Amino acid sequence: MQKSGQSQRIEIFDGMRGLASVIVMIFHMAVWTVYGYSANEYKIFANTFWRVATQTPVKMIWGGNEAVLVFYIIGGFVLARPYLNGRKLDFKSFIIKRWIRLMLPYMLVIAVTVILIALFGAWKHDTIDLSGSFNVKWKRVTNAGEILLYILGYDYNLNILSGAFWSMVQEWRLSFILPFVAVALHRNRTGKVLGYYAILQVGIDALTNWGMRSDTVWLAHLSESLNRTNYYAIFFVMGAVLAKHLPAIRAFVREHRRFRILSAWSIPFMIPSQWILSALGLSFRVRNALLLTGLGIILFLVLCLESPRFTAIFKSKPLLLLGKLSFSLYLTHTTSIILFVTFWGQVIPPETALLFSPLFALPVAYLWQQHVETRCLGLLNHFKK
């Protein structure tokens, strides 16, 4: 029975990843329109539609950052669970496999994108005009120094390539940390581990904030980049803690009906909390609001595990298929959409081309998953014991 439950949880999380990848795609499509970019970036609304779409629970449909946090929390859960179950950490083997699984496809899609920029970037820049977020993409060809930084896992000027690549850098860097957090959680009380982690997190935050104020450009940029990684590590740790205490959390939720009802009503406001708080005119730091988002996501994950209806939804064939494609869709969708809009935007309005771009992005993701991601994963067989 326990084995069946673990398998079920993995399937549900796959479906959630599939949905999250589609939400990220919808987000980029929205912010690449002038009105969507204005609403998301500046909270300036062209009409009632965009105000409602942005400052109510409807924002979850195109909550890009929120969807990325779903990936991070589930990623922390999945990566930590083997070590929480007692697996011995072979860090060299782990990091090699992680590079093959995560960074090799990332490097390949960057290579394809750079080639496409060299071929079509100037054409796009001269003929297609959408939002500022879209127009900056493919604005110039990436130079050799930037490509070297990408290979080294640095997020410098990634915005000219894609709107999604920044999060891959964070996930790769955190691969060097999370296994040790998981082993520590396995061997020690959670409170003790989180106490030491909090001290480390606050210390790194203070150090990188100091570096960000430096007049030395490279130090300021490096500090900003590491500060971002340090912050997003919180959500991977959330996932790891959830993995350790999931049986107890599920038992609590199962036994307290009022908690389930309260959570169900709260989740639609917790996940898009930064947008709800803004609508209420409250002052807040976005990073603090995203912590509330993370808690909302965890509540959602747990409630889905306890709900036969939501379990069936996330185990449905369409969402499981999207879950299988989720990594490839996340990697390729911005490149696919920009290419599609650049070509079709010559004969139809670019906004219309943008609307139909998933018809191209989804098949490209499928082909990438079949012929690139699968072959990269095949290399892992050489490292199996």
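Just so you know, glycine gets a Cβ as well, placed from its N, Cα and C.
From a predicted model like this one, the values you see are computed outputs, not experimental measurements.
Taken from TrEMBL, the feature transmembrane segment covers 12-35 (among others).
The domain 'Acyltransferase 3' annotation in TrEMBL covers 13-360.
Distant neighbours of the transmembrane segment (67-84): 10, 13, 16-17, 20-21, 23-24, 27, 167, 170-171, 175, 178-179, 181-183, 185-186, 232, 235-240, 242-244, 290, 293-294, 297-298, 301, 330; these residues of the same chain sit at least 6 beyond its ends, with a Cβ under 8 Å from one of its Cβ atoms. The transmembrane segment annotation in TrEMBL covers 67-84 (among others).
Look at TrEMBL and you will find 104-123 (among others) tagged as transmembrane segment.
Tertiary proximity for the transmembrane segment (164-186) is limited to same-chain residues at least six positions away from its ends with a CB under 8 Å from its CB atoms, namely 24, 28, 68, 71-72, 75-76, 79-86, 89, 91, 94-95, 98-99, 102-103, 106, 110, 153-155, 158, 193, 196-197, 225, 228-229, 232-233, 236-237, 240-241, 243-244, 330-331, 333-334. Feature annotation from TrEMBL assigns transmembrane segment to 164-186 (among others).
Per TrEMBL, transmembrane segment is recorded for 193-211 (among others).
For the transmembrane segment (231-249), the list of distant contacts is 9, 69, 72-81, 84, 167, 170, 174, 177-178, 181-182, 185-186, 190, 194, 197, 201, 205, 287, 291, 294, 298, 301-302, 305: same-chain residues at least six beyond its ends, Cβ to Cβ under 8 Å. The transmembrane segment annotation in TrEMBL covers 231-249 (among others).
Annotation comment: TrEMBL describes 261-282 (among others) as transmembrane segment.
The annotation transmembrane segment is assigned in TrEMBL to 288-306 (among others). Long-range contacts of the transmembrane segment (288-306) within its own chain (CB-CB distance under 8 A, at least 6 residues past either end) are made by residues 9, 12-13, 16, 65-66, 69-70, 73-74, 234-235, 238, 242, 246, 249-250, 253-254, 260, 263-264, 266-267, 269-274, 277, 314.
Residues or ranges marked as transmembrane segment in TrEMBL: 327-346 (among others).
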If you average the pLDDT over the domain 'Acyltransferase 3' (13-360), what number do you get?
-> 95
